[in-house]
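Q: Pulled these features from Swiss-Prot for this protein:
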- Lys39: active site (ACT_SITE)
- 12-17, Asp47, 108-111, 168-169, 200-202: ATP binding site (BINDING)
- Thr16, Asp47, Glu108: Mg(2+) binding site (BINDING)
- Thr43: substrate binding site (BINDING)
Amino acid sequence: MAALLITATDTEVGKTVLTTSLTAYWQTYRGKKGLGLMKLLQTGVGDQERYHQLFGADSSIEIKVPLWFKTPVAPPVAAAAEGKTIDLKRVWQEFCALQQRQSFVLLEALGGLGSPVTEELTVADIAGQWRLETVLVVPVKLGAIAQAVANVALARQHQIKLKGIILNCSQPISEEQLKDWTPINLIQSLTSTPVLGILPYISDLNDLEKLTQAASTLDLEKLLPL
């Protein structure tokens, strides 16, 4: 499957930073090949708007957000509040069609791996059932080790094809804090999952050059078809 699902341990911990960094890298170095950029499902304002702000003018990048709810809460709660249903069949069909049209698809999940998509299914269920190659974003902070262990265990429970972990610095941190909060060897030992890189703190998330540079520090051979 020519796609990568980007999920995380929680909401607001770096999925969109990784997604836009990989997209910026693709735009810079693989621009002749089409890329699909898709949000699994969106509630409230956010990712769809950022995608269009950063990449909307590039015809080689096709942006898709099949389902959107105005209420910025968990999808089943938002759907109930708005009197709507969550049509995952539509999402799957648009995802498959996007793969047919483009060389590769970056699919950004919502919330964390355990976040509900419907009243019955979580992101982990979707990743497992759709057999998506997946990367897990873990924030660099106190408690990150436990979050990584718990989420990798959840991924294994759902037989997810987890390619690795990306550590994300959402704020400026010291080398000492990085080593203390997210010791790579310990995380890899406890999870039996490779850490594919560390996204540095990016002061301007609208700077495509900085996003590209951030992506270039990662183990891209495991993330993109280079």
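For all residues, glycine too, the Cβ spot is worked out from N, Cα and C.
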Q: Cβ within 8 Å of the Mg(2+) site centroid (Thr16, Asp47, Glu108 excluded): which residues?
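A: Result: Ile6, Lys15, Thr19, Thr20, Lys39, Gly46, Arg50, Tyr51.
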Q: Restricting the comparison to the binding-site residues Glu12, Gly14, Thr16, Cys169, Tyr201, which residue's C-alpha is spatially nearest the C-alpha of Glu108 (Mg(2+) binding site)?
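A: Nearest in space to Glu108 (Mg(2+) binding site), counting only the binding-site residues, is Thr16.
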Q: Can you tell me how far the Cα of Asp47 (ATP binding site) sits from the Cα of the residue listed as 'active site', in Å?
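A: Here the two Cα atoms lie 8 Å apart.
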Q: Select one residue from Thr16, Thr43: among these binding-site residues, choose the one with the most other Cβ atoms within 10 Å of its Cβ.
A: Thr43
Q: Can you give me the Cα-Cα distance between Ala109 (ATP binding site) and the residue listed as 'active site' in Å, rounded to a whole number?
A: 6
Q: Using Cα coordinates, what distance in whole Å links Glu12 (ATP binding site) and Lys39 (active site)?
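A: Glu12 (ATP binding site) and Lys39 (active site) have their Cα atoms 14 Å apart.
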Q: Within 10 Å of the Cβ of Tyr201 (ATP binding site), how many other Cβ atoms can be counted across all chains shown?
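A: Other Cβ atoms within 10 Å of Tyr201 (ATP binding site): 13.
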Q: Cβ-Cβ under 8 Å from Lys39 (active site), same chain, 6 or more residues apart: which ones?
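A: Listed in sequence order, they are Asp47, Gln48, Tyr51, Lys64, Val65, Leu107, Glu108, Leu110.
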Q: Of Ala109, Cys169, which of the binding-site residues has the most Cβ neighbours inside 10 Å?
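A: Of the binding-site residues Ala109, Cys169, the highest Cβ count within 10 Å belongs to Ala109.
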Q: I want to check the contact list for Gly14 (ATP binding site): same chain, sequence separation of six or more, C-beta distance under 8 angstroms. What comes out?
A: Ala8, Val137, Pro139, Ile166, Asn168, Ser170, Leu199
Q: Taking every protein chain in this structure into account, which of the binding-site residues Glu12, Asp47, Glu108 has the most other Cβ atoms within 10 Å of its Cβ?
A: Glu108
Q: Within 10 angstroms of the C-beta of Gly111 (ATP binding site), what count of other C-beta atoms is obtained when all protein chains are considered?
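A: Around the Cβ of Gly111 (ATP binding site), 23 other Cβ atoms lie within 10 Å.
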Q: Just the number: how many Å between the Cα atoms of Thr43 (substrate binding site) and Thr16 (ATP binding site)?
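A: Their Cα atoms are separated by 14 Å.
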